[in-house]
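Quick look at what TrEMBL lists:
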type   : residues : note
REPEAT : 217-251  : repeat 'PPR'
REPEAT : 252-286  : repeat 'PPR'
REPEAT : 319-353  : repeat 'PPR'
REPEAT : 354-388  : repeat 'PPR'
REPEAT : 421-456  : repeat 'PPR'
REPEAT : 523-557  : repeat 'PPR'
REPEAT : 625-659  : repeat 'PPR'
Amino acid sequence: MKAPKSILCRTVDFKKLFNFAPLSYRDWDLPILERALTILENGFPAKPSVHVVARILQACRKLGNQHCSLRLHAYVLQSGMEMHAYLGNHLVSVLIEVGCLAPAQKLFNKLTHRYSSTWNALISGSLECGMLKYALDLYHRMQKDVTQLSVVNFTGLLKACIRLQDLENGIQLHRHAVRQGLLGKNAFLGTAVVDMYAKCGSILQAQEVFEGLPVKGLVAWTTLIGGHIKCGYPKQALKCYDQMLHANLTPDVVTFTCGLKACSILGDLDKGLEIHTEMARRGFLTSDAFVVSSLVHMYSSCGLLMQAQEVFDKLKANDIVSWTAMIAGYTAIGDCNKALECYDQMQFKGISPNPVTYACTLKACISSGDLEKATRIHEEVKKRGLANTDQLVGSMLVDMYAKFGSFSMAWDALNTLQCRNVVAWNALISGYVMHGHNHEALACHYQMIKCDDISPDDVTLVCCLKACASLGAVEEGQKLHAEIARKELCTIEHVGHVLVDMYAKCGFIVRAQEVLEELPYEDDVLWNSLISGQVKHGYYEEALCCLEQMQVHGIPPDGISYACGLKACSGLGSLEMGEHIHAEVSKQGLLNKDTVIDNTLVDMYAKCGSLSKAHAVFDKLHYRDIITWTSLIAGCAQLGDQDDVIYIFDRMREEGIEPNSITFINVLNVCSHAGTVDMGEAYLNVMVKEYDMLPTIEHYTCIVDILSRAGQVEKAFSIIKQVPFHPDFVIWLTVLGACQQGGIKDFGREAFKHALPLDGQDPVAYVFMSNICADYRLENSF
């Protein structure tokens, strides 16, 4: 009996393809491959051998056809041939090569025997698809099979550790490479290990691995230089740069730009010029965006925007990176209008901003206070879909609105972000702190943790500590301190600074000093925070003691230190110590250079009763602001010298300095002590009509005191009734004191009744009322 024609044809085709065809799989084309697959799928009478299927698999790999590879994969699974070691392992590799990772993973997991090449192929494929954690998991599973990892995958997994900031796995990969003796054989792998340590923040280990490399090429040096910059050690980066030159290695563009970046961070213009000159000598000055932006950024960071502009124009930069560098440079030196002009010019030239450009431009809008421009940019980024998808742009929008005080808009920008991160939350929290909304800042901190499961970083915790310092919320500050300790963030300098400052401002001076002593570093900022807190809470002698201690510790005082010391002298009335600090300030050449010191010196001499020396310092000052004038006026007022106060006040106005609220309080006080009612009322009138200032309770208290001392208690009562806010205890006590002196019983009784509910525990009010009663023998009438 003859076989059916269709089966016979398939038999002939099969034999022709696999037994008699002179063509090897390397010569197959797509029609031949598809014909072979069709024969398999239609069911050949005799089951094909593994050799036949493997030959089709080799053709799939050669042609790289995904559809054919999946057809063969389906056939192998259907026929149960996937458990064959050779076929199964090679099919996994082919599926990965044609981009079918998911079926490759499933087939790989079924295999009982996996080749080293298959492990490596799946790890490589996972890395290419961004499945970094899965690739590292495969690496750990692979080690149980005692399989060799390829050098390519070593470097790929090290890069995955960088992306994931996974130092622990990076260390394991390093040790594995050492065990296999690969670091001494492969310079590329050694450089990858250095890069991993540096970018994961472990620069000491990076340096150690680098020192152990048998051959230190340019790439390895450049990696180490870049690592030092990444870890915040630009000085060490430049030191490595010089060492590389001494090793007779010629820098490339990447090395030069790393050097320029270090100069930008340090503001080291001399070194930046040296690198620029060397780049020119070696012919590296091109219109390449990487080169131009690095040079522009270096010059702008050093404050030389003209040179930055010259480089920009000379190299005919016309790319987004260089334009962005110019915008960032102008913003950094405070020339925000020029930065915004650059942004407009760039768009006029048809260059579309990228997310970094938008972020830099929004920063310029914040610094210049240009909310209108910022709002237009917001509309632009919304149209491009960046407001909700790009974290840099989204976070900057939150920052921009928060700094402008538009918190509803800041919340809208935050809620628009598809993925809210700690940077965006920090922008909102810092905005609240900046505007004095400290309770809201702390609430945001907890909301970030509770709603988004985001762990606060050092910036978050510093902002919250500042809020606690402003509120005097030491218990909340202690909780934050505990969290900082758990996260081991005390070693970060700005965290330590704010911790000491928080305790000091809350009046926990001993704890502030303990924290300072526990920190692994000390500087003038820490000591100033402690001394300032001591002065604020009246620990004047301790403040002066700390001022001496910081010098014993080798920390030279700065302007803030001396200003705090002078305030302590004012509090103690210690003219001798004040004169000593004055001599130190003169020796350091700080007079006429620091207005805070200048003003505090005048204030110290005035409060210590040495008006002649206060005048002498005042007359030598090149610049005198309202604080300087008010300090001198206050000193004269303290001694009751009305003529001098009026003379200085009038002289101040003649020089074009406008008085402030405190200035008028001092003028009114001296009028009160002198009993010059008409003059006091005249100056209050000047304050309201000429300077459009609304009197505070302190100003009204001064006027009431002037009238009461002059015996015009009825008029004083009339003033109190006109006060636009609720009179406080002090103002009623002022009237009560005047009634005691004048024996005015009715007004005294009225003042006492108003004062009692405001502070019933104060004995002064009872004493005054008792004196009034004694004078009129009215003890039984109350």
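Here, residue 1 is simply the first one shown, and the rest follow in order.
Here the Cβ of each residue, glycine as well, is placed from N, Cα and C on the backbone.
With a cut-off of 8 Å between Cβ atoms, the residues of this chain six or more beyond the repeat 'PPR' (421-456) that come close are 391, 394-396, 398-399, 401-403, 405, 407, 410-411, 414, 463-464, 466-468, 470-471, 473, 476, 483.
For the repeat 'PPR' (421-456), the number of residues in each DSSP class (helix H, G, I; strand E, B; coil) is 28 helix, 0 strand, 8 coil.
Secondary structure of the repeat 'PPR' (625-659) per DSSP, as helix, strand and coil residue counts: 26 helix, 0 strand, 9 coil. Counting residues per DSSP class in helix, strand and coil order gives 26 helix, 0 strand, 9 coil for the repeat 'PPR' (319-353).
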